[in-house]
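Quick notes on the structure that follows.
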Amino acid sequence: DGCGHTVLGPESGTLASINYPQTSPNSTVCEWEIRVKPGQRVQLKFGDFDIDDSDSCHSSYLRVHNGIGPTRTEIGKYCGFGFQMDGLITSKSNEVTVQFMSGTHTSGRGFLAAYSTTDKSDLITCLDNASHFSEPEFNKYCPAGCVIPFADISGTIPHGYRDSSSLCMAGVHAGVVSNTLGGQINVVISKGIPYYEGSLANNVTSKVGPLSTSLFTFKTSGCYGTLGMESGVIPDSQITASSILEWSDQTGQVNIWKPENARLKRVGPPWAAFISDDHQWLQIDLNKEKRITGIITTGSTLAEYYYYVSAYRILYSDDAQKWTVYREPGMDKDKIFQGNTELYQEVRNNFIPPIIARFFRINPLKWHQKIAMKVELLGCQFSIGRAPKITMPPPPQNKNDDKNDDFIHSVKTSLQTDKTTFTPEIKNTTVTPSVTKDVALAAVLVPVLVMVFTTLILILVCAWHWRNRKKKSEGTYDLPYWDRAGWWKGMKQFLPTKSAEHEETPVRYSSSEISHLRPREVPTMLQTESAEYAQPLVGGIVGTLHQRSTFKPEEGKEASYADLDPYNSPIQEVYHAYAEPLPITGPEYATPIIMDMSSHPSTPLGVPSISTFKAAGNQAPPLVGTYNKLLSRTDSTSSAQALYDTPKGQPGPAAANELVYQVPQSVAHSTGNKDE
């Protein structure tokens, strides 16, 4: 009769003396037999030890043994007020016996201890809180059985828990560890807040708490998101029930509390069963397998209808035909979840391990007045690569269970929608964990590729800009040693003939003139030694008769050869009328242009023609006619009288004065004695 709070799990547990933390009664005894898996050993840690030692551990003591039964051997015998045992007591086998004996005494709280297998080196007890650890973040192992009536917590997730709260009890409230299994917790310490909310979750009630200097939260896997009841992701057609409450109020209005009303935080009435018994159910089709980690429930949320469910069990299925009742690992009884204690408060329960299923049923077992509730499911997408599916042991078969199962499947009402369509096997439709690596790789490669392409574009733009600037600074025709005007005139020889309205009038030759042309006799000196005067930039044979001439004829008249040119050409090729350089022994001036006056007998006297050459002084050249005609040198004498200027250094007319050349004119002048 000396046993107090006791939870013995497969890998860990908690045990305490009777009435702990109050004074244990006199003359009581309790013995605990602890077994773990073969090949493992047991370690024992005391959270509190306060046993009367007035008779030197004779009548009041705690004794630990290796093994169970008559063959057990003693590890140690302990007693003392406020006894501090910092180390762990370790067994030599997978079995341990703990014996507590209480004699006659007036004080002493007894003890509280935790045990686990020896591979849990960071074991703590249910009495440890965050203020016992100085690290800002740490990992600890909580034993099973830390939901104890003599410990309290303040706060809730995600805001955090007050630093005075029991770490393991808060872990159970948060849903990160199971009270029947224990487990690892990852604790993060941060600055406290002025006010801590209270809530009910996993059979643990968190109280409202005042300001504290620090608080703690838990790091989790993150699989605690809502699955679509509140948001509407789950459509109405996928929410069904065993029956529906339908009734008329005093005004005659018909009220139907349908299954689709069972959405958490949805304004209006909830779902309610037509019959209030333990065979009613609310079913949710998730459309495919999901990892379900928890459930949140409320009552009717209508003040005039004080309805709520206070206890329920959970069933799940892959095909909506064969159902499994949720049980905790190692347990042979169905898990009964604590529901609401009033119609408004949200109560959360977590599934450790999580449920992997498509179809989810809530079977109310206890309720207030009528079965009515609103729910939300917590969890995430299921991936085989992330977590294996937990297979629960089959429930024991007996006559009562068979009857209950048969009744659950046979309950049908006029509004029951038990026929639910479902898709074939979809276990491999979720994304595998390798996608995470691909996403991380893409997150690195995409910015790098963008930077590379951006750099190439900038280089191309800079090169183009530099090239344009270089062209602008140099200019196509802006070279210091070139004669721009002469260069352009020479280049125009290569350009194709354009329309007459945009260009100068070309020189045209008649067929009679072409027949008398012959190749020029090119002086041999051109090939041996250059003359004093530069040759034209563009020379050579002109390929067509419409090639541009060096001189422009007078406006209004057609340019042609007036007389027969003695340079007849059998191949009918035409040369430019450029003046050829003279040999070194001959005159240094080019062949003059001869003006024929005989071809224009009608020319009125007194109108001078413009000569190609100008004599020294202001003497006007003789009147030889009105129009100028281009003639080449002749090999024989001509009847037309020509006036030659005397080259420098040679005898002849006007030798006394030095002659200069006049630039050929493109237009005829009507006034005499005017030089250009």
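Every residue, even glycine, has its Cβ placed from backbone N, Cα and C.
The following features are taken from TrEMBL:
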DISULFID  C3-C30  disulfide bond
DOMAIN    3-118  domain 'CUB'
DOMAIN    120-216  domain 'LCCL'
DOMAIN    223-380  domain 'F5/8 type C'
TRANSMEM  439-464  transmembrane segment
REGION    638-657  region 'Disordered'
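Ranking the disulfide-bonded residues C3, C30 by the number of CB atoms within 10 A of their own CB puts C30 at the top. Looking only at the domain 'LCCL' (120-216), the predicted model's pLDDT averages out at 93. Taken residue by residue, the domain 'CUB' (3-118) breaks down under DSSP into 0 helix, 61 strand, 55 coil.
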